[in-house]
Amino acid sequence: MHHQFLTSFFPLFFSHHSSPSTTSLQSTLEKPKQVQLTRFDRIKAKYKGPQITISPEVEAEVGFSYSAFDDAVAATDYSFNRNDVVKGTVVQYDKGGCIVDIGAKASAFLPLQEAALIQDGVSIESLIEIDEERNFEIISEEDENGQLMVSIRRIQYREAWDQVVAKQETDEAFDAECVSVNRGGAIFLVNGLRAFLPGSHLTGRLPDEDLIGQTLPLKFLEVNQEENKLVVSNRRAVVEAQMADLSRGDVIDGLVKALKPYGAFVEVGGMSGLLHISQISMDRIVDLEKVLQPGQKIKCMIIDHDKVNGRIALSTKTLEPEPGDMIRDPERVYDMADETARIYLEKQEAERKKREESAQNIVLGLGDALDDLGSSDKSSDNLDSLLS
Amino acid sequence: MADVNLAQLLEAGVHFGHKAYRWNPKMFPYIYTERNNIHILDLVQTAQLLKRANSYVAKAASEDKTFLFVGTKRQASAVIAQQANLCNSYYVNHRWLGGMLTNWVTLKSRTERLKTLEQQEVDGVFNLLPKKEASLRLKELEKLRKHLNGIKNMSRLPDVAIIIDQKREMTAIQECRKLGIPIISILDTNCDPDLVDIPIPGNDDAVRSIKLILNSLTDTINQNRSV
């Protein structure tokens, strides 16, 4: 068996040596400009089958000569590879797309999904016209019939990203329309690209169904073409003048954005603040959802703020006229909020003074003892200096 | 006689063949050379054979012979219907049903059914029927129309068949050969010229190429038909 294989192999090997191609190989080494013979030319040289000889009368009959044809063929450069951008003309509509003539052997196919960046589910006729000439990108290799698939969407996608990157350089605010809403935020269409707006960056409202179709001013948060990440912010685009005025003890309106086991996130003057569960009411709160709902407008007091990190600590406990009102009757709390706050602040002030006085008394008492010890410099007359 | 010159043929891409490894060696005499791994057809022969086909078609048209155009591929579908209507010939541009010619007797009953349904549609019978029946009949009408619209009015077998993609319409070619109907066909580099009576070597994948060749043939038919 092995012997047979070897013997059948050898004649092939020898015939290869005796063919004229080796001599031409030698000559190619001497004359590097010689044209390489294609497989077809080699077959033609050895062909012994029936040949069709074309007489010169045929050329006259047909109206053109072989030399003209030859020149034309030599002039053509046929290369259609994947990711090439070629010019083409739409020739006819077809089911699921349209047929495009790009000068290749077979007419290329443009699927409906690849015809436009923004998919509205419309028909192919509305997106592109017959005999329209534009650039297409080849997105597939030739199939068994030699047909390629082309796309307009890829080109538009790249152009859209270039525009977006340019916009980010200038960092200017722009308008965009919301197309869908999900748990984390909303999706906006920017230049045909889908950009994500996180819920925490949306001012003045919650990401809910009403947002779809609305146009809002936005600025870019993150633009990353390689990872296909495009994040925008409404908060950055909206001017926040109230930020500078906020201080401890202010009573302001807030919008409940989200509920967590440990409290609620409330948006206050463009910044996000935390209303801790222990700070909502004097009484213990069993079920947070019964008291607060996302989207609810409430009044709250700022008890602490960290401008550096952009964090605010809020409280409604201090606004309760009677302890437990937040659970029983929140409306009453909001109505009397300013009043209650004023009372609370006065009480705080009064308590602070009392604490100061008692501290003074202690120090005074200490002062007598210290006098007994013999340090007569620290007399009660210099109490203020001691306390300051 | 609608003549085509070199510029038109080149612009339509008639000389492009399939990739070199996909050829049928029987097409060797019609291939000019190989460039960029694809075969280039010999346009001088193409033009000559097109002329020969035109003269044959002219003679047949003057003798009042009927023509059947067959082309079911995506690129050819719309062109075939349009060109056949231009010269009042029959055509098949969706799937060639098996036995369309060899089992003509049965197919004829289907065309009769198509005609009755169309008549019913015109008369408004569908409005009198219950909704479900009407929709069933409409669906049947659509299906019949899709496949048989081109041969609706064919009363007997055609005299000449003009076929676009030989590899795809192999059933049609076999039926025509069985019945002795002469075949004119566009041959690509992967086709078999022995199966066809009058070959026209050319590109059968590009819309422009098919349109150019068919245009030439239908013009000839129109000119030579005795009115």
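Note that the numbers count up from 1, one per residue, in the order the chain is shown.
Backbone N, Cα and C atoms are what each Cβ position is placed from, and that goes for glycine too.
What you are looking at is a predicted structure, and each value in this text was computed from that prediction instead of being measured.
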With TrEMBL as the source, which of A:9-28, A:349-368, A:369-388 is set down as region 'Disordered'?
A:369-388
Helix, strand, coil residue numbers for the domain 'S1 motif' (A:83-153) per DSSP?
8 helix, 28 strand, 35 coil
According to DSSP, how is the domain 'S1 motif' (A:171-235) divided among helix, strand and coil residues?
6 helix, 35 strand, 24 coil
